[in-house]
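Written out below as structure tokens is the structure these notes cover.
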Amino acid sequence: MVETRLIDGKAFAEGLRKRVASDVTAFHAATGVTPGLAVVLVGEDPASAVYVRNKGKQTVEAGMASIEHKLPATTTQAELLALIAALNAEKDVHGILVQLPLPGHIDAQAVLATIDPAKDVDGFHVVNAGRLAVGLDALVPCTPLGCVMLLKDRLGSLSGLEAVVVGRSNIVGKPLAQLLLREDCTVTIAHSRTRDLPEVCRRADILIGAVGRPEMIRGAWIKPGATVIDVGINRVDKPGGGTRLVGDVAFDEAQGIAGAITPVPGGVGPMTIACLLQNTLTAARRQLGA
Ligand code: GUN
């Protein structure tokens with residue numbers, strides 16, 4: 001039986017936000033420019049509204065400008081594309097983020113394709129996905145970037161380790177696999193059609209849950225001593241009424257088996273916005289050649 005360590009993403013993210021804020025101060029002193037992040041929210045999704053509010057607050061706390069565009073759910077795709085074209089041309093905007101999901105009548109891929117790749121701080125544009133895949137400098141999706149930071153902080157070098165990523169989304173699973181490959185891991189992407197998923201997971205020195213299914217990954221699927229990163233944030237009903245947040249990994253079952261694990265909440269979640277702030281500064285630096 002191993003003692004399972006908790007990976008404190010909340011504390012790590014706080015430190016990262018402070019480092020970004022001090023880099024923003026130095027950048028401003030050198031260039032006279034304040035990095036600007038434009039966030040576009042279409043519709044009334046309550047979870048998205050919370051994210052956008054937190055992003056705006058933390059952007060300002062890091063010394064950057066937050067430009068918010070809140071549009072009604074009835075916004076047409078043409079109107080949204082016109083706004084993005086204007087933000088692409090706006091020199092005070094260095095990063096553009098379109099909050100997902102978008103209403104059903106809007107083609108998200110068409111919208112993401114319109115964002116200037118140099119301002120694509122989410123790293124969702126095919127140019128950035130392609131640059132990451134071939135090993136060029138890219139703006140990298142924030143949640144996967146946060147996962148790899150936590151892993152390197154905990155493990156040092158990841159070289160030669162077996163990593164299993166459960167989930168193949170464009171936002172997390174696929175870019176995370178690319179980042180782990182860049183760290184010289186042996187990478188498996190598992191998903192809903194994977195045969196004998198428990199056995200595949202038991203190979204992992206690094207096991208990532210990124211499927212969005214509450215507590216799907218059981219304690220018995222974890223190799224003793226493995227480092228477990230739980231990207232899932234699932235709201236489930238409590239027996240006595242009310243709701244609580246759980247990850248994709250059965251956290252209690254992992255105790256005494258995993259070497260270390262991220263909690264939900266307080267693990268990967270806080271890293272996403274911290275990495276977004278870092279990407280915004282990176283984008284501003286590249287646009288100014290600074
Ligand atoms: N919706 C949920 N997570 C994200 C994210 O990281 N970026 C964007 N744009 N939308 C999201």
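Just so you know, glycine gets a Cβ as well, placed from its N, Cα and C.
What TrEMBL says about a protein is an automatic prediction, not a curated fact.
According to TrEMBL, the feature domain 'Tetrahydrofolate dehydrogenase/cyclohydrolase catalytic' maps to 7-122. The domain 'Tetrahydrofolate dehydrogenase/cyclohydrolase catalytic' (7-122): residue composition by secondary structure is 62 helix, 19 strand, 35 coil, according to DSSP.
Over the domain 'Tetrahydrofolate dehydrogenase/cyclohydrolase NAD(P)-binding' (141-287) the predicted model carries a mean pLDDT of 98. TrEMBL lists 141-287 with the feature domain 'Tetrahydrofolate dehydrogenase/cyclohydrolase NAD(P)-binding'.
In sequence order, Ala210 constitute the residues six or more apart from Ser169 (NADP(+) binding site) in its chain with CB-CB distances below 8 Å. TrEMBL lists Gly167, Arg168, Ser169, Ile233 with the feature NADP(+) binding site.
All protein chains included, Gly167 (NADP(+) binding site) registers 24 other Cβ atoms within 10 Å of its own Cβ.
DSSP states for the domain 'Tetrahydrofolate dehydrogenase/cyclohydrolase NAD(P)-binding' (141-287), grouped as helix (H, G, I), strand (E, B) and coil, give 55 helix, 30 strand, 62 coil.
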